[in-house]
Each structure stands twice: as C-alpha cells, then as structure tokens.
2 protein chains.
Amino acid sequence: MTFPVVGMVGGGQLARMTHEAGIPLGIRFKLLSDSPQDSAAQVVGEVVIGDYRDLDTLREFARGCDVITFDHEHVPIEHLRALEADGIPVRPGPDALVHAQDKGVMRARLRELGAPCPRNRIVADPADVTVFAEEVGGFPVILKTVRGGYDGKGVWFVRTPEEAADPFLAGVPVLAEEKVDFVRELAANIVRSPHGQAVAYPVVESRQVDGVCDTVIAPAPDLDEELAGQAQRLALTLAAELGVVGHLAVELFETADGRILVNEFAMRPHNSGHWTQDGAVTSQFANHVRAVLDLPLGDPRPRAPWTVMCNVLGGDYPDMYAAYLHCMARDPQLKIHMYGKDVKPGRKVGHVNTYGDDLADVRERARHAADYLRGTITE
Amino acid sequence: MTFPVVGMVGGGQLARMTHEAGIPLGIRFKLLSDSPQDSAAQVVGEVVIGDYRDLDTLREFARGCDVITFDHEHVPIEHLRALEADGIPVRPGPDALVHAQDKGVMRARLRELGAPCPRNRIVADPADVTVFAEEVGGFPVILKTVRGGYDGKGVWFVRTPEEAADPFLAGVPVLAEEKVDFVRELAANIVRSPHGQAVAYPVVESRQVDGVCDTVIAPAPDLDEELAGQAQRLALTLAAELGVVGHLAVELFETADGRILVNEFAMRPHNSGHWTQDGAVTSQFANHVRAVLDLPLGDPRPRAPWTVMCNVLGGDYPDMYAAYLHCMARDPQLKIHMYGKDVKPGRKVGHVNTYGDDLADVRERARHAADYLRGTITE
C-alpha cells in the first residue's frame, strides 16, 4: 500500500487529537516533540524528540514524510521555506503561516483585503499609544506584541498612559487596537485543501474567562443568519487569499450594532473547534488531516442541534481521574477529552463535550463536568 | 495525576481501535505485540514486542500495568491465572475466557444455563459424526474444532460421512452441531464492568460471505421487539453468569419459527460492534476500556436511525489509498477505518461505516465504498 506519512511538528494536545483522528485513515503519523512526556508523544508510535527551531532537526525529521503540518505556529518561517526548497510539502505553507505568526503582518493584510477589523496600528512607544488612544476615542486600548502571544499572553488591556510601558519591554513591535464594545465572541472555522476545496463549520459562540477560552456553543445561539453567512464567507475568503491549507479558525467580535470584526486567527485545529469531535459529522482534526493530504474533505455539518464544549483547567485538586467516576455516572453521554498533562492551576488539561436537543441541559452538563473535574464543585 | 495504565495483549486492529478510543480518556496504553508492523503497533506509543504464549514475557509486560486486556482470546488460561496470582487484574479473567477459548466448555456451560443452542455434542470420531447426524435428522452437520477457530477457520460444513474425517486430523476435540435452518444471523453486544454494571447495544443483523462477516446493519431491520429484548437479556445473563468483564458479542441464529440460538461468542470488541464507532453515543471500544478500568459505562444508544458497516477485504487492487479520492468525494459522510495492514486477497484490512435516516441509502453507500476500496467496482 502507498499510505502517506504525515509529519506533525509539535507535541501538544492538538497533535494528540490529530493523531487520534488520523488512525482510522490508516496513514502513518510521525511526531517531532520537545519531550517524551508531551501530550501527543505519549500516544504516538513514531516520535522524534528534538527542537523545531533547529533546521537540521527539522530536515532530518522531514525526511520520509510526505507532508509536514503543525501543532503550533512557532516554526521559523525561513525553516519552512528551507523545507519547501528540499521538496517537502509544508501545509499550511510559510506564505500563509506568516500571517498567524505576526499580528502586524496579519492586520496589514486584512486591511488590504477589506476585512472588518478593530481600528489598529503599530505603535512606536508609550507616547504613541496615547496618540492612538485619542484617534480611537480614548483609553482603554488593547496592546499586543506582534509575535509570541497566545491564550491571553502577550496581550495588555491598557487603561492609562502609564500602563502603556510594559508591552514595549520585550523589544518586539507592538500593535495597538481599539477596545471593541462587543456583545460576544464568535469563531468561524473552515478547512481548506490544496485543491481549493473548503468546508465551513457552523459559526460558534466562544466565551472567554481571564483571556482563556472557557466555553464554546455550537452553533452560536440566536445568531442572525445573514451575519453567520458573512462570517463563514469571510473565513473562506481569508483562507483562499492567504493560501491557507488545513484548519483556519477566525475569532470574531460581534458588536451591538450587528457587525463582525476579526479579532485573531489560527492556522491549525483550534480550541473553538473541539466541539466537532463529538458534534460534527467530520471533526476539525479529521478534516485537517484530509486537507494536508489533499483528500476530499468530510461533511462539516453538526450531528446534534446543540453541542457545548467546556475546557477543563487545572485546579487545586490534582487527581482528575478519580473525578471520572462521578462525571461518567452522572452523565453517560458525556465526552471527556484529557490531554495527559500534569495538572497545574489554570493550565488547559482537557475539555468535555456534550450534545443534545435542549441547549440549557447541554450547557449544564458540560459546565458541571468541567467544574467537577477541576474540583471547584464536589457534587 | 493517577491515570491508569491499560496493558493490551495482541496487536491487531481491535487493539488499534481500542487505543484510538482510549486516547481521550488520558490513560496510558501499553501494547504487547508480535511485531512492530502489527496493526496496533504502528500507532501506539508504548509497544513491547514479544510472544504472548511465553509467561515470562507476559509477566514482564504486565509489570506496571494496572489491568490487562486482550485483542484476542488465545492467551493460555494458565498464564492468565499466573498473572492474577501476581496481583494483576486480568479482564476478562480466565474463568470467563475459557468459554471463549474452548467451544466444548462453552456449549456445556450454555446447556447448564438453559441458553438456546443448536443441538450439539462432542463427537469421538468420523463414525460418531454419522450417529450424531442421525440424532439431529441427518446430514449436513457442522463440525468445529473446540479450539483455535475464527472467521470460518476450524469450521466444516459436512454433507456426507466421508467428509467427516478432516476435522479430526488436528488432534483437537471436535464438536458437532446441527445445521440450523436460520433466516438470518444476529449479534447481541453488551459491555459489563467488574461492578456488574452492563449496557446493551441494539441487536444487529450480521451478514456473512464465505464464513466471514461482510455487512452489519444496526439495528437489525424488522426484528421483533420481544425477540430483540430476549437476545439482549440472554447476552446480559451470559455475561453475568460467566463473569465477563468488557465487551461480549453473542452471535445468534434467528430461525424461521422466531427463535434465537447461540452460534458463537467473543469476549472482546467484535466486528459486529464496529458500527458503534460512528453510530452509537459510546463505541464498543470506549466502553470496553471503561469496563476494564471499572469506570461507569457510556450510553450505548444509536445516534442515527440506521448505521451500516461493511468490511473491506483485500482484493487484487493493492493501492487502497488511491481509492480514497473517489470514496471521499462521492460520500462526504463516509467513515473509513483502515487497519494499516498489507492487502492480501480476502484479508480484512478495514471497514467503512455509514449512517442516516434511509436504510436503502445507508446500505448502498457502505456497499459502494467497500467494493470500491477492494477494487471490485471502479465507478
């Protein structure tokens, strides 16, 4: 047989769940991971331990892979170009990934494409932040380092000129964005193949707590159909214009006056798409694998009227396995997804999915399980 | 965290799919496999290559496992007793597994329990087969070696006294069974935990071609509700009486006069339960893992009105991966499950699942995909 080898760079939970989704396809899955304890390294057969920032390591890893894809967006662009020059397909490719690595490049390109964004520009120094604040109607404003941020890291909510100093300390360019008065956050998730085939998942509502995704509701309740279509078309257009291959998550603000604005995006399977594992005909992970292999994509439609995902964060209670007894006995339909990570307070260590016909019930079940696993409730 | 280690003996596709189902639970999965090329060994992180017939190998493997379970039923019973004596939980245990290893023991126990079976007895020699044939109304009769058979191997359809000689050549006791005039084959699949909790999947119809499972339809179409309940209760009773832990598949004949008779059973995930991967709330594999860990079991109910599974056998066309293009493009809802095995004519190398509201459509889609993958159709 001529089943291909997919090389996955990065050993986090996205790689773990991508491997899980790839097993039924009979493909070979090779992992480049920092450590054998990494989430994906625990469950994958073929694991190379090495540093993705080292080109020689990447090249050695890529040998014998039919395609390279990613658990994260941190591989240096010049290394990806070198792999491409070696003849290894890199999906998504460097020309697309640069937009996910650099928020400055991302905003410039979105402006060019006429995509709706919060007002934004690169700011030179703390004084320039005050100028920007005046341009957008005053403080507060959002500052972001253009590179290296995730899950609320690298992002500052700045209320006064005095607070504008910190973001500049890292020596990385700083992007200022207006503080959008949004009513909720949405995510438009799509998957695109090299052929240009693309599928759009239903637009979801994403709720953050302390800058970290907490709950995703699929589909977003009471979302205007026209706005949902607009969000899906926007994600599809961005994927095509940027040449994205694989999963693209576009995180959006929905404003009180019924507009959507692009907040962030990610070119890989994304937390806002975890609900698809149990709630969609084809999961984001299965479709990501199909896309990077240029196979026809699977049906993205939901299998239940409502699916809810809640992240499980580490709490003070380290023995999450013991909590399975209560959670599984209480809800035989509950879907637990744990990542094999050590529990640290605030760390994402897993998520749960629930689905059904009654949104209130589906939400309560996911919330209860996530809280019980974390240890913030005991009954 | 105190997540347990499940030790799986045997590296076939059942182990492969059990690993896939265990990944979301965050457990560790250790595999004892004959060869690194085995179906499961390709996709599992922690693999020990060794011979399950060797007690020292088993003991060494079992060290550090919280529980041992199986991909097949061939581990010598005395080895399982030795592991238990070492303090390792073995699930299912030797007292249960002996019934799956020896058809003579199985039939004797079923008789004791009053379970409906084809008339049967151990036969001493070819002459005794003729006596048995007279007892049950004449030839043809079925002969089975009591140990070592599967997928039609170790089973003879005997039409004349002359044909009765072959089964005795292996030197293994031979069981004679009446040839049942059945209208179709059914399977009642249940999962039972050490606590005694059990869940019953809908009874399915199983179609064999040349003694090998070809198609499974869930639930069995037009099955009398009373008979379905009877089949489920029978499987639950057998599991409780034999002390089965994990998945139990009871293969049944449905007779023209509306009875069910026990044909075979298997104490592990089973081909007649593969539909549950995409068609049930909790798959047989996920529930098998939960059972051997004595976790509360998951909901066994179907997610769609109809689910159909067709096995993919090896044909003359070795490049099944190339066939993905057509199959996936034709049916974006198709679920392919390949086992990473080399294609050999007649060998089970994968299966496909389809589901939906219209049985005729669901069957056609599964049939088409299985035939196309095998290469018996080209459009």
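Backbone N, Cα and C define each Cβ position, glycine as well.
In the record from TrEMBL, residues A:Lys103, A:Glu177, A:Glu178, A:Lys179, A:Val180, A:Glu185, A:Asn263, A:Glu264 bind ATP; the candidate from A:Lys144, A:Lys335 listed for the same site is A:Lys144. Taken over all pairs of the listed ATP-binding residues (A:Lys103, A:Lys144, A:Glu177, A:Glu178, A:Lys179, A:Val180, A:Glu185, A:Asn263, A:Glu264), the Cα spread reaches a maximum of 19 Å, rounded to the nearest whole number. Under the three-state DSSP scheme, A:Glu177 (ATP binding site) falls in the strand class. Summary: among the binding-site residues (A:Glu177, A:Glu185, A:Glu264), the fewest other C-beta atoms within 10 A of the C-beta are counted at A:Glu264. Averaged across the domain 'ATP-grasp' (A:107-293), pLDDT in this predicted model comes to 95. Taking the binding-site residues A:Lys103, A:Lys179 in turn and counting surrounding C-beta atoms within 10 angstroms, the largest count is reached at A:Lys103.
According to its DSSP assignment, A:Lys103 (ATP binding site) is helical.
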